[in-house]
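Asks: I have a structure here, written as structure tokens, and I will follow up with some questions on it.
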Amino acid sequence: MVFVTAVLRSAKGSAKKRKFYDSLRLLVKAGPGGHGLPKYGGIGGDGGDILVEGKAEAKLKEVEKLHPSKRISAEPGENSLKNRIRGAKGSNVKIEIPLGVTLYDEEGRNLGEINTEGDQIIVAKGGQGGSATTGYSGLQGQKFVLTLDLKLIADVGLVGFPNAGKSTLLSVLSKAKPKIASYPFTTIQPNIGTLMYPDLRQISMADLPGLIEGAHANIGMGHRFLKHVERTKLLLLVVDVGGFQLGAKYQKRSCLETLVLLNKELELYKEELLDKPAILVINKMDLPDTRSTFEEVRTAARHLEECFTAVPENMRPTRGLKFMRIFGMSARSQLPEEVETLKNAVREVLDEAAVGEGEEDIEFFKKITREYKRGNPVLI
Ligand SMILES: Nc1nc2c(ncn2[C@@H]2O[C@H](COP(=O)(O)OP(=O)(O)OP(=O)(O)O)[C@@H](O)[C@H]2O)c(=O)[nH]1
Ligand SMILES: [Mg+2]
């Protein structure tokens, strides 16, 4: 018994150490305005604001360390004085936060996103200084619970059921050393690896915890991690050619069923995810008798919508993912030819997608030039 407790404690401790900070709540309180001086018509200084600024190397964990009470207050504005009729503004507080953070107020309203170094958003505005219009009392600053929600930014996101070989694949495509094991939910926090190319091009790839049926409704590791997929430009779906079974009590899903179910989970979470370019890897091809399943899944994946009948009606997606490339491979075998082919395909598909984006820009500029020539300048 002692032994079990000790093991549990140490497991708990290590999980704590490895905690991945992707969300932080802070009570922000902007400074109140200083009081005015009625006798002289003096105006109090405005209270200090609280603002956030994007910094590539910032970490939410560090923000928490700097503000362990999770309360951040800005200074009040100075009162109007006889010898200083206009009170000085209270100092602002700037919180440096990582890129890829969305800000929410306590009602869940989106206050904006920080995606680029130096981006700034005033989250809580200081109170106005007291003047004739306020009866010379300084007004209170804004005060609320701010949520900082971090979504990873990676070029490619690995998506798949647990145990499909996502982490193994990341470890063979990059130098990352994620934990790999033969049980589901080995990955409990996202890992990012970098794919390096001979011409020094680098592509980042995020290995995410496995998804299971109901992930959109937060079953399994679920929703919490699906949000990271939103920020990637390319989805790399990994399915186990042998299918998936969570445990003896659960229904076994064939390889094709897992693919359709992943499609469904992505769709239920956010339909736009289905518009992202995608690559499919049918993994574990080293296992015996996998050829016919591979052929079946490859053919089906080319027109996925036609195969939705493979799953019960309530699990069917309405729209299918479009795979730009489909591969069968064995991540564990690390065959250089397979690894190189996939690595190059990732790059090609990202580049093809980027060309698409460029074309949209060209269309946009053509449109504003046309409007401009017609004498209708367009505000951008
Ligand atoms: N036979 C075979 N086994 C593989 C292959 N790729 C991965 N595995 C094994 O499958 C198991 C799961 O691999 P992981 O890379 O941890 O799978 P994962 O998708 O990251 O799993 P989660 O983190 O739980 O979502 C490990 O035992 C791997 O060694 C493969 O190509 N062939
Ligand atoms: Mg993993």
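Every residue, even glycine, has its Cβ placed from backbone N, Cα and C.
What TrEMBL says about a protein is an automatic prediction, not a curated fact.
Bear in mind that the values here come from a model prediction, so they are computed numbers and not experimental data.
Annotated domain 'Obg' per TrEMBL: 18-153, in sequence order. According to TrEMBL, the domain 'OBG-type G' annotation covers 154-297.
Have a look at these and tell me how they're positioned relative to everything else.
Replies: Helix, strand and coil residue tallies for the domain 'Obg' (18-153), in that order: 13 helix, 46 strand, 77 coil [DSSP].
Mean pLDDT across the domain 'OBG-type G' (154-297) comes to 90 in this model.
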